[in-house]
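Asker: Structure provided below as structure tokens; questions to follow.
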Amino acid sequence: MMNSPIQAVIFDWAGTIVDFGSFAPTSIFVEAFKQGFDFEISLAEAREPMGLGKWQHIEAVGKLPTVAQRWQKQFGRPMQASDIDAIYAAFMPLQIAKVADHAAPIPHSLEVVEQIRSRGIKIGSCSGYPRQVMDVLIAAAADYGYRPDYVVATDDLAQGGRPAPFMALKNVIELGVTDVRACVKVDDALPGIEEGHNAGMWTVGLLLSGNEAGLTLEEYQHADDQTLQAARERAQAKLQQAKPHYLIDTVADLPAVLAQIEQRLLAGERP
């Protein structure tokens, strides 16, 4: 089989390749708010800004009108940076302790990765997780057989994380990619798709395996068509804001999209 005009596919982690439904970070955000301040947030509120670095994520949750109102009522003042620091301090050990429990690959992701590699395409990756958490997740995912060629954590770069392009571009540099147009960014969350656009890459959003659908693997596997379509539409309404080039259900559907991108590249198109 001929080598591909695509040089690299850069995957997000939770909700994209591992952790169907992206439950590791969301459930722990709820727990960290509870542990840090005895303050309740819902899973839906925890999911809202998913894809950002985790400190920025806590800050964004605090700015949600529903959360800000309850915080003001409970504490008599708005959330401030020292509060975010305290919640983040509670978040980190919880996440480090539990992230390995959510390292199982999303169905068909390993086969898709191997299929992509067989075409001579590099496998990059980046995450909203900080390095301390990623080191645990990388090892756990490797035990399942997932070993990307490069990994960038959200706090690796002084310039910052998503939605800026820096983590994606760090993959470009380290993987020796010669043209960002030959890269595809795959993500289940809005900031990750925006990151791909900002890096000049093709972007693919995932509707059913990630944060926006919020389905467990079991719910997904046993859902009827109506339930799946409702989840699909819910995720699409959010992800479409970033105007991804493609929207698919899960990484299992990625090979067909990559074939289309290859044809577009060969025809001289750019993202």
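Just so you know, glycine gets a Cβ as well, placed from its N, Cα and C.
Pulled from Swiss-Prot, these are the listed features:
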- Asp12, Ala14, Asp188: Mg(2+) binding site (BINDING)
- Asp12: active site, nucleophile (ACT_SITE)
- Lys54: active site, schiff-base intermediate with substrate (ACT_SITE)
Asker: In whole Å, note down how far the CA of Lys54 (active site, schiff-base intermediate with substrate) lies from the CA of Asp12 (Mg(2+) binding site).
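Answerer: Each residue's Cα considered, Asp12 (Mg(2+) binding site) and Lys54 (active site, schiff-base intermediate with substrate) end up 14 Å apart.
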Asker: For the binding-site residues Asp12, Asp188, which one has the sparsest Cβ surroundings, going by other Cβ atoms within 10 Å?
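Answerer: Checked Asp12, Asp188; of these binding-site residues, fewest Cβ neighbours within 10 Å: Asp12.
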Asker: For the C-alpha pair, I'd like the distance in angstrom between Asp188 (Mg(2+) binding site) and the residue listed as 'active site, schiff-base intermediate with substrate', rounded off.
Answerer: 16
Asker: Round to a whole number and give the Cα-to-Cα distance in Å for the pair the residue listed as 'active site, schiff-base intermediate with substrate' and Ala14 (Mg(2+) binding site).
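Answerer: Between the Cα atoms of the residue listed as 'active site, schiff-base intermediate with substrate' and Ala14 (Mg(2+) binding site), the distance comes to 13 Å.
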